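What follows is a short report on a single structure.
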Amino acid sequence: MGFTVALIQGDGIGPEIVSKSKRILAKINELYSLPIEYIEVEAGDRALARYGEALPKDSLKIIDKADIILKGPVGESAADVVVKLRQIYDMYANIRPAKSIPGIDTKYGNVDILIVRENTEDLYKGFEHIVSDGVAVGMKIITRFASERIAKVGLNFALRRRKKVTCVHKANVMRITDGLFAEACRSVLKGKVEYSEMYVDAAAANLVRNPQMFDVIVTENVYGDILSDEASQIAGSLGIAPSANIGDKKALFEPVHGAAFDIAGKNIGNPTAFLLSVSMMYERMYELSNDDRYIKASRALENAIYLVYKERKALTPDVGGNATTDDLINEIYNKLG
């Protein structure tokens, strides 16, 4: 089974890390005979300046026909690109791994957590308005359908990992909305994996105190946004964290970090988060096709990255090295065989 990928370079360091990473994508296609076609589309700040839209209609036409979206970091127009794409294609699951990389020292030891965040509801639904002068109201939307749906995603991941799920909420205060989310998680998860619940403030503290206690965390949109950034930093660095936005018909893969305009054009941007997002993309392709070539490609790319970090010979300044983007890309490329 082949795939068409809409490739968005993004802004800031995005065009550098994406364009320089293309040779790795091409090599993996060749090594594993992957039938993947990449089609570049414009989106983000540069598209906004050129066309008056961060997500131009012509780009949307290409994205609509593509199977998967792969993007670099987008600048100030990120909400007009990523949030809009999530809404258009109902990409309801935000998957954020927080996994230690060999060669990056942290005081937390080996961390391997997967945060499964509901991506379409909660306060981020955007239902807010001014009631009167000096008074604003935001509506928190939680439905049983979306809550059960994200719990099922968490279950599927947990069954392939350590079979442990923590549902994170704040039902002791938000008894109705968070209570509904917790009830939905219980109905899907209890009895099928090692299941527990934790209030979000306790989860934030326990991530710092003992991150090894977590395997898969299933949570709401706002809590997941905050906890996933915290977990990524605990695992080593927010700057090397990948992510996926997954729906039934479309998926988007992107680095967690921003566009880093301050280092754009200096050839020191770190492509690791983008490349780990590519590894996640191959994993998704395997799930959709059941073609072993994709999972082999995913593991090979991840292993190549880990080998380079373990040797610490070509790391960029953000992770304690003095190498360039090109240096790191070259080392990963060579490790692929």
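For all residues, glycine too, the Cβ spot is worked out from N, Cα and C.
Computed from a predicted structure; not experimentally measured.
Quick look at what Swiss-Prot lists:
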- Arg86, Arg96, Arg117, Asp201: substrate binding site (BINDING)
- Asp201, Asp225, Asp229: Mg(2+) binding site (BINDING)
- Gly258, Ala259, Ala260, Phe261, Asp262, Ile263, Ala264, Gly265, Lys266, Asn267, Ile268, Gly269, Asn270: NAD(+) binding site (BINDING)
- Tyr124: site 'Important for catalysis' (SITE)
- Lys170: site 'Important for catalysis' (SITE)
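The Cβ of Arg86 (substrate binding site) lies under 8 Å from the Cβ of Tyr92, Asn119, Thr120, Asn245, Leu252, each of these being in the same chain and 6 or more residues away along the sequence.
Most Cβ neighbours within 10 Å, among the recorded positions Arg96, Arg117, Lys170, Lys266: Arg117 holds that distinction in the structure as shown. The Cβ of Asp225 (Mg(2+) binding site) has 18 neighbouring Cβ atoms from other residues within 10 Å, across all protein chains displayed. The binding-site residues in question are Asp201, Asp262, and the one with the fewest Cβ neighbours inside 10 Å is Asp262. Mapped onto three states, the DSSP output places Tyr124 (site 'Important for catalysis') in helix. A simple Cβ count within 10 Å picks out one of the binding-site residues Asp229, Ala264, Ile268, Asn270 as the most packed, and that one is Asn270. Of all the recorded positions listed here (Tyr124, Asp262, Ala264), Tyr124 has the Cα closest to the Cα of Arg96 (substrate binding site). For the binding site of substrate, formed by Arg86, Arg96, Arg117, Asp201 according to the record, the largest Cα to Cα distance is 27 Å, rounded to a whole number. The distance from the Cα of Asp262 (NAD(+) binding site) to the Cα of Asp225 (Mg(2+) binding site) comes to 24 Å. Those same-chain residues not listed among Asp201, Asp225, Asp229 yet with C-beta within 8 angstroms of the centroid of the Mg(2+) site C-beta atoms are Val200, Ala204, Val222, Tyr223, Gly224, Ile226, Leu227, Ser228, Glu230. A separation of roughly 27 Å, to the nearest angstrom, links the Cα atoms of Ile268 (NAD(+) binding site) and Asp225 (Mg(2+) binding site).
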